[in-house]
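**Student:** Relevant sequence annotations retrieved from TrEMBL are reproduced here:
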DOMAIN    1-134  domain 'ABC-2 type transporter transmembrane'
TRANSMEM  12-40  transmembrane segment
TRANSMEM  52-73  transmembrane segment
TRANSMEM  80-101  transmembrane segment
TRANSMEM  169-193  transmembrane segment
Amino acid sequence: IFGRERLNGHYGVGAFVIGNTISSIPYLCFISLIPGALAYYLVGLQKSFDHFIYFVILLFTSTMLVESIMMTVASIVPNYLMGIITGAGIQGIMILNGGFFRLPDDLPKPFWRYPMYYIAFHKYANQGFYKNEFEGLSFPNNQVGGPPTITGDEVLRSFWQVEMGYSKWIDLVILFGMVVVYRLMFWGIIITVEKIKPLIKDYMAASPKKSSMILENPSSISSQLEML
């Protein structure tokens, strides 16, 4: 639909990217709020309203990030099936390096820790969620010879290896920044593809003409060889 309307000159690439982003926000809010409310209280997370709102906003931002990644992939790959495969592969790699299945210190450093761990948006989503749930709490300490209780900050620092130098709101801001970056990538790729596609079509159309001219005039080739 965008390709046809773009050829008809109805609107530009920037208008499409902005319209696509704004039009998806109500639906993403809907699927973040209702399933998020069901899951949040069923698993026994913190009951306060501000913790719940942060959880919903975090879920909404992560969902919007996933959509931005898939839109970026869809603007590159040739068909729908390849888009699903490529997008799922990218998100699978991010999940594996997000600090949940393998803790940050256990990730191999040359590639998977630097830079993949910091590129994966799951790192900031997980850490924001952990901080939202564990900060300000205390738990019984089962370690022999230790204090009777252990704070949530110590659990985050020692068990989950969370970066405690900034608050959970910074994690949320980083996620919003990644949404903007992926949307700008989406915009840039569409413009680039629009400029490159005609060049590729012209080249592909010119190549058969050249080969047919060579087949029709073999004497020209022989004369050129004689001159050499």
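Easy rule for this one: first residue shown is 1, then count along the chain.
Using the three backbone atoms N, Cα and C, a Cβ is placed for every residue, glycine included.
Automated prediction, rather than curation, is the source of TrEMBL annotations.
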**Student:** Let's see if you can do this one: DSSP helix, strand and coil counts over the domain 'ABC-2 type transporter transmembrane' (1-134), in that order.
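**Tutor:** For the domain 'ABC-2 type transporter transmembrane' (1-134), the helix, strand and coil counts are 107 helix, 0 strand, 27 coil.
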**Student:** What residues in the same chain, six or more past the boundaries of the transmembrane segment (12-40), come closer than 8 Å to it by Cβ-Cβ distance?
**Tutor:** 2, 6, 52, 55-56, 59-60, 63-64, 67, 71, 183, 186-187, 190-191, 194
